[in-house]
Amino acid sequence: MVIAQIVMLVSALMLLVVTSLLWHNTSQRKRREARLSHYVKRQATASSSNYPLMHNWITQNEKARLSRLLANAGFHKPQALSWLLLAKFGSGILVALLLLMRQSINGEAIVSMWSLTLVLVGYVLGANGPEWWLNLNADRYRKKLKQSAPDAIDLLVLCVESGLSLNRAFERVARYLQEQHAPMAEQFRVTSAELDLLNDRTQALNNLSWRTGIPELHTLATTLTMADKYGSPLADTLRQISEDARRQRALDIEERAGKLPGKITLIQMTMIMLPMLVMVISPILSQLLTSLA
């Protein structure tokens, strides 16, 4: 009797644990889908939002360029462009004020042509600082995406071959990549949400190419668009893209390895030849200075 009660108690506890885990996973997935839906809707309406800073300071072409730079660096929020413009303006003003303070501390005239030139140059350099920082971040972000692209496409092949739709395949691959390739997982998760919410699947795939800016995902988006349009088999198409991505990654590694001898030679010339040159010339200079004295 006691054993039966213990078994029933353990079974009830196990059922409670399993139920709580399922509820937690379901609620977490719903929250994530809600956030993604909210993100996609904001992205769809971002172009019509009122950003006074954008409309007053920059043209449409400049707005598009900065928006893509932000997306390539991993900043996808609609308000990111306004923050970037504010940072450019603030850093430019800060550098200009620092240069004016330097002029004042040195006792030089603040109201002069030289001071005006210094302020303008300082403002331009300061205003471009955030953009230079973004370019560095975009390069690092793209490198991470390029490294994980072949694995991500391989997983897409497996998901499509198992019978999943393209929407669910992107979602499942994003879940698999979350731990080791978080940037690619984020891109695939957003693409999955856009495929569900946007009326045009082509637009969702083109957005993936636009956000990432790497050739592998541009080829993926273009090929999937053509396959969806003409009814080509997705698995064979994705497998070919994966092979091309791996081949490109191997070529990049070979290219970096080929540049090593030149870099090593430059280090040798700097660290070995220059000290030897100093050692050879030093006695001659010493004798010359002694004779002149």
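Glycine is no exception: its Cβ is also placed from the backbone N, Cα and C atoms.
Remember, TrEMBL labels are computer predictions, not curated facts.
Quick look at what TrEMBL lists:
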| type | residues | note |
| --- | --- | --- |
| TRANSMEM | 6-23 | transmembrane segment |
| TRANSMEM | 80-101 | transmembrane segment |
| TRANSMEM | 113-134 | transmembrane segment |
| DOMAIN | 153-281 | domain 'Type II secretion system protein GspF' |
| TRANSMEM | 266-285 | transmembrane segment |
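With a cut-off of 8 Å between Cβ atoms, none of the residues of this chain six or more beyond the transmembrane segment (266-285) come close. Here the domain 'Type II secretion system protein GspF' (153-281) is broken down by DSSP into helix, strand and coil counts: 113 helix, 0 strand, 16 coil.
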